[in-house]
Amino acid sequence: MASLVLTDSSQPTSGSQHLGERANYVNSPHVIAMVGLPARGKTYISKKLSRYLNWIGINTKGEYRRQVTTAYKNHDFFRPDNKEAMVIRTQCAIDAMKDVCEWLESGGEVAVFDATNSTADRRKLIHEIVCNQMGFKLFFVESVCDDPQIIEQNIIEVKVNSPDYQNMNKEMALRDFLQRIEHYEERYQPLEEKTDFNCKHVFVSLGEKVVVHKHEGHIQSRIVYYLMNIHIVPRTIYLTRHGESEQNLQGRIGGDSDLSLRGHQYSGALTQYIQQQDIPGLRVWTSWLKRTIQTVSGIPAPQERWKALNEIDAGICEEMTYEEIAEKYPEDFAARDQVKFTYRYPRGESYEDLVARLEPVIMELERQGNVLVVSHQAVLRCLLAYFLDKSADELPYLQVPLHTIIKLTPVAYGCKMEQINLPIEAVDTHRSKPKIPGTLDDKFKREKWNALQNYHNHNNHDTS
C-alpha cells in the first residue's frame, strides 16, 4: 500500500477526493472515535466494544490512542495555553490516525480511536482525515460520568498506574491527574449538532442514558444496541457445565441424557457451594436439556431456561462417539479438525453459528447482576471467548472441564477468571487440536471408554 500523507488542512489533499466517496459505500471501514474528559470510562467502553465486535466476527482493533511521550513532565503539558505541548499532542493524534487508516486500508473493518477528542476543532480534524481524505465512516462515542466516586475510583485503579506516572508516587500522581482534568475542563466542548458539523454520534452515560444522533448502517446499529446494555455495577458471573451425564460416560456427543451418579453428586456439591457464597440477587440460567436442569434442581434461586444455551447441534453426528464419527464420516471428521470454528456439522451447527445464537445471551448477561449459567462445553467456550477476548481460532479449544465452576469478575479493562474445582471425579471430554487432522487420541477410542464405563459401574455397585 502506498504511504499515507495525512494533514490537518481543511482541504482534501491531492488525490484524496475519490477516496472520500467511499464514505457513502455501505461496507466502508469504520472509525469509532471516543469523546470525553479523562477518567470517564472511554477506555473501558472502547475495549468492551472491540471485544464484542471481534466476537461477532467484525475485524476490529481498539488500541489506537495517544502514545506515551517523553515530553510529559506534569499536568502543565495539558494546559490550554501551552502551545508547544499542543503541537506535540496534535501530532500524536495525527500519527495515531495514520496508524488507524493504514490498518483499515490493509483489510480492517473497525478501528476504535481512544482519546479525549474534547474540542470541536480536534473532532473536525478527525472528520477531515477519516471522511474527506480517506473515505471511511466515522462515529463518535461520547462517554459522560458525573459521579465523583466513580471518577475517583477510575483514577485510583487505572490512571495513576499509567506510564505517564511510572516514576511518581500514587498521591502525587492522583493530584497531578486531577489537575490535568481541570485543564481539559477549561476547553471541553461536548458533542453538539451545531458545532460538530452534524456528525453521527452517540452520547453514553453508562447504565443510565444513551442518546443517538443520525447513526446509520449495520455496524453503528450494533454498537448502539450494545452500549444500551452495558453497565459498570460490580457483579460476578459463574459459568459451569452440567454434572457428568450418562452419555458423557459413553463418550457420546449431544443428546439429552440424565445425569450419572457422579453428576448428581456434583449437583449437590454445586448447590452447597452456591449457598455458602450467599450471593445477593443471584439468578440461575440453564439450557432446555435435562442434564442442566437436574444440575441446579437444589439451588434456591430464581431460574430461567434458555433454548439459546442448548449444546451445539451435531446434526447427523448427534449421540455418536468421536470414534464412530471418524469411522462413518472420515472426511467430515478431518474437515472439522482443519477449521473447527467455521465447520458446520451436516444438518447441524458450527461454532460460528453458535456465537450468533448466543448474542442475545451476551446482551442479557451484560445487563444483569450476579448470574450462574449452567450449560454445555461448546456454549461455555463461546461465552468464555467473549469475556476473555479469545480469537476464533482459540475459541473451539478452550478448556471447560466437568465439575468445575468458572468465576468471572469484571475489572477495569477486562475480566478476572478463577476456577473452582469441586472434588468429584468426572470423565475428561476435552479433545485438543490434533497435529494431523482426522486422527484420534487413544482416550476417545472404544476400548478406553468401555473400560471407563465398567470402572464407573463397578464403583456405583460398591457405593450402593
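Don't overthink the numbers, they just go from 1 along the chain as shown.
The backbone N, Cα and C atoms fix where each Cβ goes, glycine too.
Taken from TrEMBL as is:
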type: COMPBIAS; residues: 1-17; note: compositional bias 'Polar residues'
type: DOMAIN; residues: 25-233; note: domain '6-phosphofructo-2-kinase'
type: COILED; residues: 167-194; note: coiled coil
type: BINDING; residues: R241, H242, G243, E244, S245, E246, Q247, N248, R291; note: substrate binding site
type: ACT_SITE; residues: E311; note: active site, proton donor/acceptor
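Features recorded in TrEMBL, as mapped to the structure shown.
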| residue | record | DSSP class |
| --- | --- | --- |
| R241 | substrate binding site | strand |
| Q247 | substrate binding site | helix |
| R291 | substrate binding site | helix |
| E311 | active site, proton donor/acceptor | coil |
Positions on the same chain near the coiled coil (167-194), where near means CB under 8 A and six or more residues out: 35, 37-39, 74-75, 78-80, 116, 118-120, 123, 140, 142, 144, 155-156, 159-160, 201, 203, 213
Substrate site span - longest C-alpha distance across R241, H242, G243, E244, S245, E246, Q247, N248, R291, in Å: 14
Cα distance (Å, whole number) from E311 (active site, proton donor/acceptor) to Q247 (substrate binding site): 13
Neighbour count (Cβ, 10 Å) for R291 (substrate binding site): 27
Rounded distance in angstrom between the Cα atoms of R241 (substrate binding site) and the residue listed as 'active site, proton donor/acceptor': 10
Check: same-chain CB within 8 A of substrate site center, minus R241, H242, G243, E244, S245, E246, Q247, N248, R291: S257, L259, S260, G263, L402
Rounded Cα-Cα span from E311 (active site, proton donor/acceptor) to S245 (substrate binding site), Å: 13
Those binding-site residues listed as S245, Q247, and which of them has the most Cβ atoms within 10 Å of its own Cβ: S245
Same chain, 6+ residues apart, C-beta under 8 Å of the C-beta of G243 (substrate binding site), given in sequence order: L259, S260, R262, G263, H264, Q265, Y266, S267, L270, R291, Q294, T295, L402, H403, A426
Candidate with the highest Cβ count within 10 Å, taken from the recorded positions R241, E311: R241
